[in-house]
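Contents: one structure, followed by commentary.
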Amino acid sequence: MGKSVVILGAQWGDEGKGKIVDLLTDRVKYVVRYQGGHNAGHTLIINGEKTVLRLIPSGMLHPNVTCLIGNGVVVSPEALMKEMGELESRGIKVRERLLISEACPLILPYHVAMDHAREAALGKKAIGTTGRGIGPAYEDKVARRGLRIGDLFNKEAFAEKLKNILEYYNFQLVNYYKVEPVDYQKTLDDVMAIADVITGMVADITTILDTARKNGEHILFEGAQGTMLDIDHGTYPYVTSSNTTAGGVATGSGFGPRNLDYVLGIIKAYCTRVGGGPFTTELFDDVGAEIARKGNEFGAVTGRPRRCGWFDAVAIRRAIQLNSISGFCMTKLDVLDGFDEVKICVAYKMPNGEIVEYAPLAAKDWDGVEPIYETLPGWKENTFRITDVNKLPQNCINYIKRIEEVTGVPIDILSTGPDRVETMILRDPFAA
């Protein structure tokens, strides 16, 4: 009997999803991306070799896996071809194993130009986007004016649609943002030069997934970003432009929600966030700096330093509600080695004195919120690369168990290093 498993970030992204997807891909036939775009950087380290995948599913490094990009993903043709080229130069036959929905919206140069222009205009109030055109591409999708991969099949119609939409964008870029317009002919020529390669990978993703399920195949859905960045349920407006929660699987791939068997929430042993927005447990002291240093907390795509803080069980409880999380995978446990004490935020004190155990929704509702911590003894022993749970320090085990208690969800997988072998699977999601 095949199982369908979702892997998603339960915090603000950068939790280490790529490694865990890669680890569990050994068990599956299909790996599916269902939301986001090339703003998601999944870093994999296999046999000491580092690979960063931004758009193509992490399963591409496994020769027997077919990778699918669902309709919920916005696709930059330029980024796709660049990533394909990087993988093909290593002997990976991407075109034989990558299939893409024709309903995927395209990210084109005018989306990137608009993204940069808006962030510059906002100044210090900027959202902190990756500047890759993700948001504007999703806007076009909702406004029903966007170009999609399926439009590449009719080159004449594509050229006409592109001309109309570029007039719309260039008017804003020139007259409102006072920046250079995007060149129509260059944009058209660049896309047409690679159109046949992209259309050659188009497939009916929904039917492929339905057939795989009926045939008893294991399927893995690979989420990008994190729950607290969800466009609807995250810390709005400091969010991404897609549904990063488990509901995005159904809408972003066409896979029926009743067919999902297990949702694995990836959590760091602490918390990080990139860009603006509320972050209740953020540390501004030497402890925060030490976590950032030990955890090498810099964005895989942007290179920006990540904000660091203690584990926030309040935000995680919201993630559990939103995703019906079956179990956690805790990553970067080894980063907390050596601290005299470790803390877990178990509640928030609101500005009016109310104590709450679930995170607010809108960013404005986080203003003035204070974390209420439980402090536990730390551990001096080294947990890096430990692969036997019985060899973990007792205080480390106590920390893990306390997180399970305050969240009500078991930690089924533990990660103690960047390589996929540096992992303890306590309960296999495909056997749960």
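Glycine is treated like the rest: Cβ placed from N, Cα and C.
Taken from Swiss-Prot as is:
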{"type": "BINDING", "residues": "13-19, 41-43, ARG306, 332-334, 415-417", "note": "GTP binding site"}
{"type": "BINDING", "residues": "ASP14, GLU15, GLY16, LYS17, ASN39, ALA40, GLY41, HIS42, THR130, ARG144, GLN225, THR240, ARG304", "note": "IMP binding site"}
{"type": "BINDING", "residues": "ASP14, GLY41", "note": "Mg(2+) binding site"}
{"type": "ACT_SITE", "residues": "ASP14", "note": "active site, proton acceptor"}
{"type": "ACT_SITE", "residues": "HIS42", "note": "active site, proton donor"}
{"type": "BINDING", "residues": "ALA300, VAL301, THR302, GLY303, ARG304, PRO305, ARG306", "note": "substrate binding site"}
Checklist line | Three-state secondary structure, which DSSP defines for LYS19 (GTP binding site) | finding: helix
Note to self: Quick check on the binding-site residues GLY13, GLY16, GLY41, GLY303, PRO305: which one has the highest count of other Cβ atoms within 10 Å of its Cβ?
What the structure shows: GLY13
Notebook entry, point to check: Among the binding-site residues ASN39, THR43, THR130, GLN225, THR416, whose Cβ has the fewest other Cβ atoms within 10 Å?
Noted result: THR43
Next item on the list: Pick the one among the binding-site residues ARG304, ARG306 whose Cβ has the fewest other Cβ atoms within 10 Å in this structure.
Entry: ARG304
Item checked: C-alpha spacing of THR130 (IMP binding site) relative to THR416 (GTP binding site), in angstrom -> 28
Check: What's the CA-CA gap between ARG306 (substrate binding site) and GLY13 (GTP binding site) in angstrom, rounded?
Finding: 10
Note to self: Going by Cα-Cα distance, which of the binding-site residues (ASN39, GLY41, THR130, GLN225, ARG304) sits nearest to GLY13 (GTP binding site)?
What the structure shows: GLN225
Check: Of ASP14, LYS19, LEU333, which of the binding-site residues has the most Cβ neighbours inside 10 Å?
Finding: ASP14
Margin query: Helix, strand or coil for LEU333 (GTP binding site)? Use DSSP.
Written below: helix
Notebook entry, point to check: For ASP14 (IMP binding site), which of the binding-site residues THR43, GLY303, PRO305 has the nearest Cα in space?
Noted result: THR43
